[in-house]
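*Asks:* Have a look at this one.
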Amino acid sequence: MATLIRSKITNKLSNAATSVTNKSQAKVSGMFARMGFQAATDEEALGFAACDDLDYDHRQGLQMDILKTDEVGGGEVGGDGTVEGDSHYQRDGTGPPPSSSKDGGLCSELGGQDKPKITAWEAGWNVTNAIQGMFVLGLPYAILHGGYLGLFLIIFAAVVCCYTGKILIACLYEENEDGELVRVRDSYVDIANACCSPRFPLLGGRIVNVAQIIELVMTCILYVVVSGNLMYNSFPNLPVSQKSWAIIATAALLPCAFLKNLKAVSKFSLLCTLAHFVINILVIAYCLSRARDWAWDKVKFYIDVKKFPISIGIIVFSYTSQIFLPSLEGNMQKPSEFHCMMNWTHIAACILKGLFALVAYLTWADATKEVITDNLPSTIRAVVNIFLVAKALLSYPLPFFAAVEVLEKSLFQDGGRAFFPDCYGGDGRLKSWGLSLRCGLVVFTLLMAIYVPHFALLMGLTGSLTGAGLCFLLPSLFHLKLLWRKLLWHQVFFDVAIFVIGGICSISGFIHSMEGLIEAYKYNIQD
């Protein structure tokens, strides 16, 4: 009897000591997290607390409650026994969306089971559409001021942007106790908030939101401006002004307000890519017809110090896709194919851009203009411009959809921190006033396209700030911050080098764009 009593007392003391040890470890871990020594936020740390006995008991009780609810009224428990609250951390995204999320509506919009998923090919078409944009037509102009260095920069920018896209997605994941990668963040904003917490938990997300909105909206404005300008130059004899053509283009873009998911956007991206290939084929075919007159001796190793920084902005901005990547990766049926998709899209873009820029420059040499289609004969120019307008209109939905996602999440679906009531009803349908706001955004792009006279320089200024920041500076900085303990020395070197080079390009492009704006207003130069 005495032995039995002594054994029970020993067990109780041992359990009490274990409980005290666990609580002490939790307090110490929390203290270090508040001091900034732990990259993960408090919400993310809860996802990895399964090893704690108290947490295990809590989860077991929660699972029993859900099972009871399912027996009574149909709860949400997966076929493999996964609890609803844990589905947020599944790698393949097959589980049901969490009932509540820190990200508000964006997570459920992009990761919900009821939303159609896209294949790796469809995601590749979206990325190709983003990095084979209208700025491709300005690449021969970059060769004019950069020579062989411009060609090298086209290759270098492809490598860097592909790398930063991968490390940005890597920041969405953390390892659990079993060494498996689980997705603990859903967007660019989540990554920024994780880096700035616990001292400034919302600062990083707000900075990224502002940068994303500026770049996305300005991209939409650019497509409207280009559409009006190209149509006006294609049919100069018609009594239709450039502003009127811009209004007609905007009327064709109003259905974008009804977009619900990326599945429809992928179809537009496919058509846009096909239009882009037709444009390239027409321009390259004309250039090949004049291959005997190519001026190889005009390609130099020198650069125009004053104008080449603007060319750098053109090349870098032509590879911009980072702001779309978290949404695309979250919508993929097989996220494990993301890296392969990034590789082939950027390799293809690098080859096509390099060949297009070199062949076009060899054809016109020092007479190369900012938009290469302006060098074409009038008959061919009209045909190419029509395809360019089609490409611009088909490119519009992707940045517009992304801008709407950011605005709705920030202003209407941010839980208790939202500035306005939710724009979606209880059944998930968009309210009428929410649809009106989307239409208002389309109209806003039209007004900006009409009343901003020097949009090309303004776009260069915006790209130097937001483009370099979102593609170079922030991904490398976030990668160093969140995954510092797991990075190898060469990864640290790459991140630091990209951050330094991106900072130099951003500052240089900003200064020269400001000089161009001042000069344009001073001498009343029209675009």
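Each Cβ is built from the backbone N, Cα and C atoms, and glycine gets one as well.
In TrEMBL, annotation is done automatically, which means it is predicted and not curated.
For 71-107, the entry in TrEMBL reads region 'Disordered'. Annotated compositional bias 'Gly residues' per TrEMBL: 72-82, in sequence order. Under the heading domain 'Amino acid transporter transmembrane', TrEMBL lists 117-514. Under the heading transmembrane segment, TrEMBL lists 149-173, 207-232, 244-261, 268-288, 308-328, 340-362, 382-407, 435-452, 458-480, 492-511.
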*Asks:* Is the transmembrane segment (340-362) packed against any residues at least 6 beyond its ends, judged by a Cβ distance under 8 Å, and which are they?
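*Replies:* Residues 120, 123-124, 127-128, 131-132, 136, 139-140, 142-144, 150-151, 154-155, 158-159, 161-162, 165-166, 280, 283-284, 287-288, 294-296, 298-299, 318-319, 368, 372, 375.
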*Asks:* Verify whether three or more Cβ pairs under 8 angstroms connect the transmembrane segment (382-407) with the transmembrane segment (308-328), leaving out any pair fewer than 6 apart in sequence.
*Replies:* yes
*Asks:* So which of 207-232, 244-261, 268-288, 382-407 has the most C-beta pairs under 8 Å when paired with the transmembrane segment (435-452)?
*Replies:* 244-261
*Asks:* Count, for each of 268-288, 382-407, 458-480, 492-511, the Cβ pairs lying under 8 Å from the transmembrane segment (207-232), and report the range with the highest count.
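*Replies:* Out of the listed stretches, 382-407 contacts the transmembrane segment (207-232) most.
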